[in-house]
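Below is one structure, written out as structure tokens; comments come after it.
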């Protein structure tokens, strides 16, 4: 069985590593010659919209999936006409456009921050009359790690923020003074069976995820499962999906979802009975989904920009290091490590040991 | 960093899968075109003693290791003259010859079954006068999964057993009416630091390992660690080593050791903080060794001969399937699965579910 993946970055790499024990082989399409999954399967080197390579991928892979949600619509359509693609392209269409996404949440009764469409400076000013300060102006498309976003603290910020968008269709959202950020990773297979991971509690800095902790038995688990179920059932979703949420005053407010395996679920490799990567593969191959129970308590720390020394990380005997083999670059996720413990005090100490190493190399 | 491995079977495959997260690349030398690790690194296709391929392996790999102990002495010598090979070839010399191995145990004060060298039919008859019945006659070299062994129940068996050996140098060992079989997996790195896994309790049938269970806190742990330490320190051993033992009347008796990762340690992938495969790599790269504590209780079941359906195995939500991508063949280990539980009753049920599947396909 050959699984095709659009993209051969660290997510594809971890999907492939999870797939080998299931006897799977992989073929990747990625424009970068040194894409970091490229030694774990065959690498079709070229643009995502190269018709010849897409045809080859469709021809040779039994099923195609992707590691990023900004797959061009034409590519998704071509592939789904020629082979089986999961998640279905409808999930891409929603996830690629923040306005459609927020509207979709709204229609499903999933709370969101107050938001409004912005397509001119005039409409931005009008929207701010009702949204209130502070707010965040975002382009509707191609958002990633906080790029293309401006915080609006007062009317003084409007002009520069609008100019930054260069007339791209946008959305303005009320800033949520959240108590914490969480996400829920869920998987649904072709037959419609679903599993839900324990909540991840996430810490972002500079728009980039820094730490995720597993939260088995969290008081917000049931609410998060209800919301993500609604998303998955409505989309007839197949694969792993991550829903990012704010918690405020005991309520969950949806921020965004990703129709793919997600950085806030990397702890599941060591910290859950079955990893998100393996369950993504089981889902798209319509295999029974694996148990998602947490194994002890665990946490993941991202390494951004530069790598700590392997010796330093492994000097923490409980640390599990995941190097992505990506060239260090400012603000780039180049590795992560997880730790696991049977009590919160031990876990805190281990997280502290990892974040100390992460902060030393962080250049973002 | 490139790790070279002699052999590209399932052990090499699992070593490579453990090495990718550490940022390692792999190059394998294996005579089989469809060797099952061959998509996880570069595959040098040819005989183990092919001088050109060995030179290429030595040239390109930063360190070389092996997945089987029957590496020809000349190959080990050539490689160690041209690159770094771990474990040191001295461990191979001992492990390849049952007589040298038993003598080595004896010299280190590690109990063994009564044994005697056999190099003629006459010496076999003489030996049996002191060893007693039943006993096992084994060729000194190339033992694997019970091949080349004969059980001697009475003097009637001597002639046929001796004939089977075809004059190969042999050893006769007293049969140990053991209470149980255990093994200890240990790792020692280049700097001399060691770690020990919780004992594995093993069940063999027809000379082939069927089930291994993790035994954290076993009453024989300390004794086993003492013996395996003695082995490793004396050999200045580097890498993972497995020592197989019989337990009888509260005493451990050494059966044999393997200078490599071992089937009875496969449960460590999910059932220990760090797997034997990762610790083998850490050891030979002189990295800090990872924690070996058990994660809950776990067990591994081998699939011999044929494969169960993936759906059936994954229908057990806690099951972790490891397919080796080997062509099914009578008596061949083609896959294993592990299960993990937080209490013995739950674990027993899970093991039963796996062995039911294993027995359905077992042709050995």
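Glycine too: its Cβ is placed from the backbone N, Cα and C atoms.
Just so you know, TrEMBL annotations are computer predictions that nobody has curated.
Listed features, source TrEMBL:
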type	residues	note
BINDING	B:98, B:138, B:143-149, B:173-176, B:181, B:204, B:255-256	ATP binding site
DOMAIN	B:102-285	domain 'ATP-grasp'
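All chains included, 21 other C-beta atoms sit within 10 angstroms of the C-beta of residue B:173 (ATP binding site).
In this structure, residue B:255 (ATP binding site) is part of a beta strand by DSSP. Averaged over the domain 'ATP-grasp' (B:102-285), the predicted model reaches a pLDDT of 95. Between the binding-site residues B:98, B:176, B:255, the minimum number of other C-beta atoms within 10 Å of a residue's C-beta occurs at B:176.
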